[in-house]
């Protein structure tokens with residue numbers, strides 16, 4: 001499959017627009033075209049050891065869940081390990097693609113996979129995603145009617161206001177008079193200036209409508225998940241389920257104030273990776289994530305919420321096998337898809 005065709009298909013599988021604004025997703029390294037992809041190589045973290053594995057397995061594109069290029073590179077030399085990744089990729093004509101938080105948000109993504117470790121449950125995003133690009137611009141829409149006497153002067157002043165978009169005019173008949181209906185989108189800041197301008201003319205002001213533009217929520221899409229178990233289970237049972245799902249011998253546990261290992265868990269809030277900012281303030285019996293700050297754990301425990309920490313990438317890596325199967329269907333089995341055997345969490349219990 002041609003690289004650009006494959007990237008388009010990967011973007012259809014999980015739109016980069018769903019990623020967090022701070023993230024760096026999509027195609028990060030592109031060999032000179034044309035570039036054909038016969039083997040897609042999946043990894044959670046692209047380390048040098050994993051890159052060597054990709055080279056040995058003749059990968060044409062690495063899909064690295066975490067973006068190996070996050071902060072900007074000022075040079076590409078052999079000096080630092082991330083620079084060396086780029087050098088090795090280009091020398092061996094290997095592209096690098098990263099979905100990261102786009103895979104966190106989608107209904108068939110990382111967080112949905114993590115919910116399966118709790119047992120039978122229903123789940124909903126903690127922070128729902130909104131439809132990208134709808135509406136395209138502005139936070140408010142302003143509509144008003146003006147007669148020919150005032151129209152040109154008002155439009156001239158409105159066009160001088162920054163952050164105005166989608167300005168349209170249409171003929172309208174108001175109370176038997178021929179007028180023009182003006183519609184525009186604007187930012188919160190521009191709204192104040194538009195209202196101030198229109199309020200100078202009482203006839204215009206009394207015919208003004210202001211609408212708040214809100215992007216529609218996407219079903220089952222967003223960051224984190226709040227899970228309601230079909231049957232409550234003890235904290236100790238949940239711990240064992242999580243260890244089994246993630247194939248871990250150990251996890252770290254903080255028991256909420258007033259709770260014990262036998263206390264029932266009915267609602268669990270989870271976030272793959274680093275969950276502090278996503279989980280904070282959520283009412284639940286349990287927080288499940290890879291890592292949280294010490295003080296956020298203390299806050300949760302003080303509020304009677306137990307915490308299970310599994311280390312960052314341990315809450316993500318197991319999804320790769322499920323992803324391999326899903327992508328095989330999505331890509332109609334046109335390419336070979338393999339999962340890294342060298343990829344692992346850098347932390348272990350000694």
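Just so it is clear, glycine is given a Cβ too, placed from its N, Cα and C backbone atoms.
What TrEMBL says about this one:
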{"type": "BINDING", "residues": "66, 104, 312, 316", "note": "divalent metal cation binding site"}
Fewest-neighbour residue among binding-site residues, criterion Cβ within 10 Å, set 104, 316: 316
Binding-site residues: 66, 312 - member with fewest neighbouring CB atoms within 10 Å: 66
Sorted by sequence, non-66, 104, 312, 316 residues with Cβ within 8 Å of centre, divalent metal cation: 44, 65, 100, 110, 272, 273, 274, 290, 313, 315
